[in-house]
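Take a look at the structure set out below.
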Amino acid sequence: MATKSIPFSKEEIEKIIEKFPTPFHIYDEKAIRENARRFKKAFEWNEGFKEYFAIKATPNPYLMKILREEGFGIDCSSEAELELAKKVGMSGEEIMLTSNDTPASEFSAAKDLGAIINLDDISHIEYLEKNVGLPETICMRYNPGNLKKGNLIIGRPEEAKYGFTRDQIIEGYRILKNKGVKKFGIHTMVASNELDPDYFIETAEILFSLIAEVHEKAGVKISFANLGGGVGIPYKPEEKAVDLEYVSAGIQKLYKQKIAGNGLAPLKLFFELGRAITGPYGYLVAKVLHIKKTYKQFAGLDASMVNLMRPGMYGAYHHITVVGKESEPHNQKYDVTGSLCENNDKFAIDRMLPEVEPGDIVVIHDAGAHGHAMGFNYNGKLKSAELLLRENGEVVQIRRAETIEDYFATLDFSGLKDFEV
Ligand SMILES: *Cc1c(COP(=O)(O)O)cnc(C)c1O
């Protein structure tokens, strides 16, 4: 049976739990760094290659500091994310703002930081100019419409709310050139959690053709192409990770033909991956509170959708290891549940596991991206802590758990006494 491993033994995780009660997320620094290096190495043929970590996946400054040290930039899509970049000490072209339906305050915060602004719509050119002024460098997001199939999470491109049409983007470069913008980028993102490596090569091909067309029709030479995020991870043990070396080789071949071959080099390539950078290297650790047997068998955890909502929201598969019982027969069928008053609050449905008892430690895999970050406070549930397993084996807390005081921080009870009803 295909399985997944964890970077700590039962004894080690028990020791961590003595200090930091469950539930918590724990990230594996060594694995994150190795993965980052491998990704960068795969694209080292491209001068100026940069990955902008999509910070929404795991917005923790400690992780961002590690990734920055590995040469990554940051991809932001809100004011708070820009502020986080600033607090990590990032500025200028280390930061990219890829947002949509963008408020002026966000454009302004990005411009103050010298970030690369990636526009989502042709009307934003005028909006940006009027509200904050045009920067010297601008990127625009292309929506390929029916040129691209799309995939399950993000949907068909022509239905998606993102990006410019082909005609609009060419017009956009003309307008911006006339307004004195000096440096141009292009961006697209049409996949989410996609495991087919050819998908990304095809996306590059679409962008490279468009870059040639922009050069021809608008007289603009594009300096960088951001291929977006969306590289999937093998949530199921039998799935295969996207082979980044294969993707890189495919893109390199197209680069030679369509970019270098047409006098359009140099073109820097960027990505803004989130999931594929930290996803597999983060774990949600929880304990079994109750075993319940009715029409089905339920293993109730001390974690809930608040800690990881992907299974409840998308029906996503997350592998589950019952620590210390890895080699026992997986001959019991459970729904693994959280405690929200919401029947979707299940980490797994009809999952075959070893016999589980209250007190067992459960590790939910691939929770390192779009896990803790998507948490919410529904039902008065509090968000859990984030821990980092350092390369030397030490465990440090990189975000404390929320307290009841945090939950009530936005309410002022002092007015209640005089509040007439
Ligand atoms: C969400 C998002 C990403 C990151 O997506 P992953 O699936 O985590 O790689 C990158 N860019 C944009 C614009 C996004 O919205």
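FYI, residue positions are counted from 1 along the chain as it appears here.
Glycine too: its Cβ is placed from the backbone N, Cα and C atoms.
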Identity of the pyridoxal 5'-phosphate-site residue among Gly219, Gly230, Gly324, Gly338 (reference: Glu272, Leu273, Gly274, Arg275, source: TrEMBL): Gly230
Those binding-site residues listed as Glu272, Glu342, and which of them has the most Cβ atoms within 10 Å of its own Cβ: Glu272
Candidate with the highest Cβ count within 10 Å, taken from the recorded positions Lys56, Arg275: Arg275
Neighbourhood of Cys341 (active site, proton donor) by C-beta distance under 8 A, where only residues 6 or more apart in the same chain count: Asn379
Arg275 (pyridoxal 5'-phosphate binding site) versus recorded positions Lys56, Arg310, Glu342 - nearest by Cα: Lys56
Shortest C-alpha distance to Glu342 (substrate binding site) - which of the recorded positions Lys56, Gly230, Glu272, Leu273, Gly274: Lys56
Filtered binding-site residues, from Gly230, Glu272, Glu342, whose Cβ is under 6 Å from an atom of ligand 1: Gly230, Glu272
Other same-chain residues whose Cβ falls within 8 Å of the Cβ centroid of Gly230, Glu272, Leu273, Gly274, Arg275, the recorded pyridoxal 5'-phosphate site, in sequence order: Ala54, Ala57, Gly228, Gly229, Val231, Phe271, Ala276, Ile277, Ala369
